[in-house]
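What TrEMBL annotates here:
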type	residues	note
DOMAIN	24-418	domain 'Amino acid transporter transmembrane'
TRANSMEM	51-72	transmembrane segment
TRANSMEM	112-131	transmembrane segment
TRANSMEM	151-167	transmembrane segment
TRANSMEM	179-201	transmembrane segment
TRANSMEM	213-234	transmembrane segment
TRANSMEM	254-274	transmembrane segment
TRANSMEM	294-314	transmembrane segment
TRANSMEM	335-359	transmembrane segment
TRANSMEM	365-388	transmembrane segment
TRANSMEM	400-421	transmembrane segment
Amino acid sequence: MSNEPEQNVLVPQEYIDDEKGKMNTLEFCINLMKGIAGTGSLALPFAFSQVGIICGIILFVVVCGMMILATWQLVQLNKEIIEDHPNDYKEIMTNNTYAELVYKALGSVGYWIYYVCSLITLYGSNIGSMVVMTDFLEAIPIGSNRKLRRVISQVILTLLCILLCLLKDPKMLVAVSSLGLYAIAAGFLAMIIFGFIEYPFKFEVSDLWPRSISAFLQNFGIIVYCMGFILFLLTQYKYLRRDCKKTVVRSTGISISLMAVLYSVVGILIALIYKNGPHGVQGNILQSLPDGTWLAIPVNLLMVITVIGGFPLWMEPVNEMVEGHWGPCTKGKYFITNPVYIVFRIVEIVCISLVAYFVPFFEDILSVVGNFSDVITTFMFPAVMHLWVFRKVNTWGIKLMDWATLIFSTFIMVVCTTLSMKSLIEQLMHKA
């Protein structure tokens, strides 16, 4: 046995202070999975019914692979630009790490293109969330005036969303995110059991393939959207402990792969079951439940819990970008305390709620957002920045992978967005 005195390793106090309150890998993955497990899941059975089982699974594999690649690209860019060589790039006042990367890598033109596209994606996502949450509560049979019920539901949801968006940081949302994951699992399980009991399960060969080329291209964006997390990835990464950052690409890959498998199983099962129901497979799958069924009440409430937990996760990157121009955010024990920030967040959520009230087309909003701005910010920007920043050091194999991502994403964005916009315009004209 050695008689040498034990040596204590001194850890700098500033390191300890900096790590306080930060997330571990599990908490990071929970927030990530909850951000993914949102409104997009409700449109997945419809997407599978349109694109077919085989093409739907292939799309999930492709999208997951591209998401993991984008995660690796952004983590590499963050290390190079923010952590290792911060003085080699131009400065910008923003609280959003992704926006900062774009500005430093691509300049002001790239920054403003990213700024607009990310706002379209993030606001579009939460408009869709507000629409579908209101649909849930409106479907609960309380009172005879359906229109009044929708207005009251939307007011209550708006107040709850404001409260969640005033919390001081993402770690405060871990409990809400965990509850949301349990809620979505319980809701879908209840729908599957109910469907098996009520409707005959009938598989046909036609279920394997897309209904049409147009249906395939138009619904590609739903799968991109429902797996989307890239816009808030670096926001969550910023609150991750340093020792956990080393494995962030692996933990992210495991998280989204697990979600993709669960989404595929649930989406396929529900699409096959409810195609024989009285309403068929609807864009919001809860609308496929038969009118007046008792199951609608608990399932709708569970889905509200699920979706509302993702609302502040998608608002955080918006707030970082816009509020970064107004100086540092002051924080209390639970909530932010900066009056300008508070007023801005209240106003933006009220505006989101108003737009959601007047444009209540859930699946079309998701399709347009997923095909256009989400593809640009999720796949195209990471690929372009990775090509440019590492142009002198990357191998030809990595450059080829970046170029393949960029070309495929551009094709998807142009073709699929055109079809999705056409569908949304037709819906608006029909409403008018």
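Quick reminder: no glycine exception, Cβ is built from N, Cα and C everywhere.
Remember, TrEMBL labels are computer predictions, not curated facts.
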If we call contact 3 or more Cβ pairs under 8 Å (sequence gap 6 or more), are the transmembrane segment (400-421) and the transmembrane segment (51-72) touching?
yes
Suppose I define contact as three or more CB-CB distances under 8 A, residues 6 or more apart in sequence; do the transmembrane segment (213-234) and the transmembrane segment (51-72) meet it?
yes
Six or more residues out from either end of the transmembrane segment (254-274), which same-chain residues have a Cβ under 8 Å from its Cβ atoms?
29, 32-33, 36-37, 41, 44-49, 53, 56-57, 60-61, 63-64, 67-68, 188, 191-192, 195-196, 199, 201-203, 207, 226-227, 229, 280-281, 285, 288
Any chance the transmembrane segment (294-314) and the transmembrane segment (112-131) have 3 or more Cβ pairs under 8 A, given the pairs are 6 or more apart in sequence?
yes
Against which stretches of its own chain does the transmembrane segment (151-167) lie, if we need a Cβ under 8 Å and a gap of at least six residues from its ends?
126, 130, 133-134, 137-138, 173, 176, 304, 308-309, 311-312, 315, 319, 334-336, 342, 345-346, 349-350, 353, 356-357
Against which stretches of its own chain does the transmembrane segment (112-131) lie, if we need a Cβ under 8 Å and a gap of at least six residues from its ends?
38-39, 98-99, 102, 106, 154, 157-158, 161, 225, 228, 231, 307-308, 310-311, 314-315, 317-318, 321, 352-353, 355-356, 359-362, 365-366, 368-369, 372-374, 376-377, 381
